Amino acid sequence: MQIFVKTLTGKTITLEVEPSDTIENVKAKIQDKEGIPPDQQRLIFAGKQLEDGRTLSDYNIQKESTLHLVLRLRGGMQIFVKTLTGKTITLEVEPSDTIENVKAKIQDKEGIPPDQQRLIFAGKQLEDGRTLSDYNIQKESTLHLVLRLRGGMQIFVKTLTGKTITLEVEPSDTIENVKAKIQDKEGIPPDQQRLIFAGKQLEDGRTLSDYNIQKESTLHLVLRLRGGMQIFVKTLTGKTITLEVEPSDTIENVKAKIQDKEGIPPDQQRLIFAGKQLEDGRTLSDYNIQKESTLHLVLRLRGGMQIFVKTLTGKTITLEVEPSDTIENVKAKIQDKEGIPPDQQRLIFAGKQLEDGRTLSDYNIQKESTLHLVLRLRGGMQIFVKTLTGKTITLEVEPSDTIENVKAKIQDKEGIPPDQQRLIFAGKQLEDGRTLSDYNIQKESTLHLVLRLRGGMQIFVKTLTGKTITLEVEPSDTIENVKAKIQDKEGIPPDQQRLIFAGKQLEDGRTLSDYNIQKESTLHLVLRLRGGMQIFVKTLTGKTITLEVEPSDTIENVKAKIQDKEGIPPDQQRLIFAGKQLEDGRTLSDYNIQKESTLHLVLRLRGGV
């Protein structure tokens, strides 16, 4: 018989098969036709991934059935799942994992049955049989987990023609789900639907319960005219606003919509797109702003000002600017006056090179300040390397040179093997595989060369997600230094880090050697969750003690708090939760101990085991 195999690119392959063919045979036929190795193929039918050893007839695949071919991407990745309580779970997945697999992993971690889980990404509810790569979910993406509440309800949707549609929904349904149900009933594509409740337009990624829509509520359906689209507006605080617009809307209209949402008067708004400030009378389509484009909103500080730009030839240019202008805007104004392309301009103020995306007010540039304009020469440049002895070496380099290349040049000049060199710039240790331009090292920058003492060593830091980070340290490094290195690698602020070794929390001012941490030791990194919580500890006498703790506290810390309150030495305490004895080096969050949980304290008898 014939069956069809559809790829993600939309191509359909026709195969001659027998009902008794195994999935392995089918993959071999696909390899013959398309050259795709079987171990990179995943076949899906009726939402299920097919197993190699089963046959077509096992899956009731009949003539002219269509299978879906998904390529298994090499390599695992981490993703995050955020619950409505704000808790974030980290999962190890592959792009080829199905949503069903992901729900099973969540069940393993959190105990929530898959049939009560609904996963949302980019405002869409994810279907069990599809894969992460189908939804373009990449490493470090965040999914949202919504629990499916038992028991549905009816709501009504009223159209502009006066017709009322009845829908069966759940409070946890997203607006997108509701639009899909309307499409099923009425045939109106979701992208032409706008739903209004209590005077508010409802956003696709939100749920009915977010809007407090209850049973027998009535929504109003307005059809979105062709050409309607969503755009995003990002403020300097990092907040992103979503707007419904048409390509023919003027910038003035857009500012009015922002005023409706955020209360900012239009005359205080400046909108930037592709580095350009947008003019009120022009339209979105004039600027080629398309659906899902992001504009940047800068607040116009009252009153413009003049600044001066001095070139290396001694010429001074006067510019009219606002504190909220970006450096990119300033370079555009210089281009207008002097004809110098922005990519050849480097602006310096107070000895610092200014970055395009920052504003004048970010750098505290005030009226009548003077900037210095340096032309960016094509090609090579000189940099300096300063050693701890105070000697300065001059090197000829290119921005595209790697740190490894630079170390080789230092070896040529000074004879120091690269593996004994550590280069520091702007307080950061530079990694071999990165380039000078990655670190924004420009001509006449100064790097600092530190020799890697033979006491240098590697240690490992293990996070609660199971990820292990490798750090280059010295025994004399303080815990504060180690936290700074973790921040460089992982972006976690030191004040949110707690490091544990041998069951003890490490103090910032102490050194690794104080704690006898040697090469290849493993530290445990616990995130200090914002805000503590209370838990209760019940003794066998029936007395209940209340403790102030953090989810990241170790059991050892908790025992120390009990000792402070009750005078019982930690080595005589045994703590029980959910029938399990708790181990000293683990944290409260490891055991899913949440606020107002009750632990049981049992005294360890002398001589006992």
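The backbone N, Cα and C atoms fix where each Cβ goes, and this holds for glycine too.
Listed features, source Swiss-Prot:
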type	residues	note
CROSSLNK	Lys6	ubiquitin cross-link
CROSSLNK	Lys11	ubiquitin cross-link
CROSSLNK	Lys27	ubiquitin cross-link
CROSSLNK	Lys29	ubiquitin cross-link
CROSSLNK	Lys33	ubiquitin cross-link
CROSSLNK	Lys48	ubiquitin cross-link
CROSSLNK	Lys63	ubiquitin cross-link
DOMAIN	1-76	domain 'Ubiquitin-like 1'
DOMAIN	77-152	domain 'Ubiquitin-like 2'
DOMAIN	153-228	domain 'Ubiquitin-like 3'
DOMAIN	229-304	domain 'Ubiquitin-like 4'
DOMAIN	305-380	domain 'Ubiquitin-like 5'
DOMAIN	381-456	domain 'Ubiquitin-like 6'
DOMAIN	457-532	domain 'Ubiquitin-like 7'
DOMAIN	533-608	domain 'Ubiquitin-like 8'
MOD_RES	Ser65	phosphoserine
MOD_RES	Gly76	ADP-ribosylglycine
SITE	Arg54	site 'Interacts with activating enzyme'
SITE	His68	site 'Essential for function'
SITE	Arg72	site 'Interacts with activating enzyme'
Can you tell me the CA-to-CA distance separating Lys29 (ubiquitin cross-link) and Lys63 (ubiquitin cross-link), as a whole number of Å?
16
Just going by other Cβ atoms within 10 Å, which of the recorded sites Lys6, Lys11 has the emptiest spot?
Lys11
Spatial neighbour of Lys63 (ubiquitin cross-link) that is closest, considering only the recorded positions Lys6, Lys11, Lys48, Arg54 and their CA atoms:
Lys6
Measure from the CA atom of His68 (site 'Essential for function') to the CA atom of Arg54 (site 'Interacts with activating enzyme') and give the result in Å, rounded to a whole number.
16
Write down the Cα-Cα distance for His68 (site 'Essential for function') and Lys6 (ubiquitin cross-link), rounded and given in Å.
5
With a 10 Å radius around each C-beta, find which of these recorded sites (Lys29, Lys63) has the fewest other C-beta atoms nearby.
Lys63
In Å, rounded, how far does the Cα of Lys27 (ubiquitin cross-link) sit from the Cα of His68 (site 'Essential for function')?
12
Taking only the recorded positions Lys11, Ser65, His68, which one has a CA atom nearest to the CA atom of Lys33 (ubiquitin cross-link)?
Lys11
Cα-Cα distance linking Lys48 (ubiquitin cross-link) and His68 (site 'Essential for function'), given in Å to the nearest integer:
10
Is it possible to list how many residues within the domain 'Ubiquitin-like 8' (533-608) are helical, extended or coil according to DSSP?
18 helix, 28 strand, 30 coil
